[in-house]
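Undergrad: The structure under discussion is supplied below as structure tokens; questions concerning it will follow.
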Amino acid sequence: MSFIDSLMAGLSLVASVEAFLALFVGIVIGVIGGAIPGLSATMAVALTLPFTFSMQPITGILLLLGVYKGGIFGGCIPAILIKTPGTPASSATILDGHPMAERGEAGRALGMALWASCTADLVSNLALILFAGWLASFALNFGPPEFFALILFSLTIIAGVSGDSLLRGALSALLGLLLATVGLDLVYGTNRFTFGDPNMMGGLNFIAVLIGLFAIPEIIAMAWNPTAHLGKARALGNAKVTIKDYIASFRSILRGSLIGVFLGSIPGIGAAPSAFLSYSEARRKSKNKANFGKGEIEGVAASEAGNNGVAGATLIPLLALGVPGDVITAIIIGAFMVHGLQPGPMMFILNVDIIYGLFIGLIVSSVFLFIVGSVAIKGFRFVADVPKRILMPAVLILCIYGVFAVNNNIFDVGVMFAMGWVGYVMMRYRIPAAPFLIAFILGPLLEDNFRQSMLMSGSDPSILLRGPITWFFWAMTLLTIAAIGRAIMRKQAV
Amino acid sequence: MSPKTIQFQLGLGACLAAAFLVLWAIPNWVSSPSNVSNIVLAPVFWPYALSGITGLVGLGLLLAARGASPVPDAEAEPAADDGLSWVRLSALAVIMVATMFALPRLGMVWTAMIVFVLTAFLFRTRHPITALICAVVIPLALYLFFAKVAGVAIPQGIFVRLP
């Protein structure tokens, strides 16, 4: 199929009011979800997932992508106005955004955040379109040993960079891998940790685990301290962002977008490190570096470009390799699975219309984000006024309905509650949840590829090092461990 | 909790969990056919391998605890302002367990209404009237979406059935 044919196939799939409406509504939900501290883009995507079950695959996935993109931008609103990031990715925005708000320039900071976000989003989407197909065609050469090495590399990097400790990240990933062994064995069909319960034989439901891990701990945390969220919102002020501001910050926006694209395309790194790297690079290169941290608009632009640059790029490993780039794309993979789609190189052959439909939708999403974001900035005071002690019970009810709807099974609701407590304990012990979830998703794939490799080679482990692709991923895994180990040693030495 | 305490408790927990898995859980709860010629392909191999690595990570955490700071990190731990945090946590756990019992008996909509009210008041809401209105409206709205639009068979319970 030629590029034009693929594009036309995608257009025929996505050119409907329903699909674009889903995308638009998704962005609205995402911006609101991201703007409510404690709700976060991740939780917004997780809570929207059950509503996509009855939709067409492309419509449902576009809805979730809209929530993702809206959520990443929405997180900057409370970061600037109440010094509380709506999502972890917006933490860097606080550094200059809130000082600007204190000076009465919140409207200007939010305007720049929106312009930088939309620019970075567009750059990121273009990178996805350019590189995903190329990477997928390359990945068609992968066999089980290559996939095993790739997944191991992804898990190593996710475990290493998700929290502040490699060992805690590794523990989280191991717990996720262990939980993924529950159910019938992939080859022999024998029971593993099923306790004779038929509900356990298919393994634990992925959506119950993810909602339990990311939504329920926030509800439990509210029971621990119901008043922890209270803060004071700043007024928008009269100052507005101008074209001159945008042009002055354009280099930082572009640099931040490219940093976002690069880091986003490596599975596991995510938006927060990208925002901080983009911010520190902007400060290093800026003429106003002394002003950074005191309310420099270029700092807001750089951090927002850094985190939004990731949003499209995280879909590169997801679509091309079937490996989620961050925790939100790990949730979005659930929507693919529910609709019987398996992201990965074969999807570029079997479902090319969906791939190109997504590309078209993503390009349009940047425009929608600009429209929704402009309104959201003005409407934040209404979002900020939503009483969180009413919101959290509503989230709990939504979780119960949503998780039940996956399989019409009350057992899944119990799994969600149990995982909620696991997630809360992990939160208290500062164990990152992202490696757990991604390992839980990739666990069966990792084991399956390992066992297939062993079957191919007659149990000769040297097959795991059979060629340049596996050497590359093993080398990257070792390099990652060495780099993280070195960083820890340096931190301890300081 | 200080980073030292966290690392130590986690390390100890990981070692104990690994020992429990290797010595009790895997031999008893993972079945493997007797005719598997190669241990690497057996259903027990992967759980054993993961448990072993968990034990090693646990040892690593115990070692790391020696060099970690003993000073409690105030920012990382949310403060309980009224001394009732544990009571509320226990109450929320009870609500969750009760929800599992109530769902098949009362039905999802009625259970959700009760759960909403209980949790809102557990969180000491300052908007009791809004909470009561939301407790009725939100479960009904979700019922309408999931039952009538998405075609999900929402549990109706044995007492009052909705159309």
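Even glycines carry a Cβ here, placed using N, Cα and C.
From TrEMBL, for reference:
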- A:20-49: transmembrane segment (TRANSMEM)
- A:21-437: domain 'DUF112' (DOMAIN)
- A:61-82: transmembrane segment (TRANSMEM)
- A:147-163: transmembrane segment (TRANSMEM)
- A:169-188: transmembrane segment (TRANSMEM)
- A:200-224: transmembrane segment (TRANSMEM)
- A:258-279: transmembrane segment (TRANSMEM)
- A:318-342: transmembrane segment (TRANSMEM)
- A:354-377: transmembrane segment (TRANSMEM)
- A:389-411: transmembrane segment (TRANSMEM)
- A:431-450: transmembrane segment (TRANSMEM)
- A:471-489: transmembrane segment (TRANSMEM)
Undergrad: Could you check if the transmembrane segment (A:354-377) is in contact with the transmembrane segment (A:61-82), meaning 3+ Cβ pairs under 8 Å among residue pairs at least 6 apart in sequence?
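TA: Yes, these stretches are in contact.
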Undergrad: Please average pLDDT over the domain 'DUF112' (A:21-437) for the predicted structure.
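TA: Here the predicted model's pLDDT, averaged over the domain 'DUF112' (A:21-437), is 86.
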Undergrad: Residues of the same chain, at least six outside the transmembrane segment (A:258-279), with any C-beta under 8 angstroms of its C-beta?
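TA: Beyond its ends, the transmembrane segment (A:258-279) has Cβ neighbours at 72, 87-93, 95, 120, 123-124, 127, 131, 153-155, 157-158, 160-162, 252, 292, 299, 302-314, 316-317, 321, 323-327, 434-435, 438.
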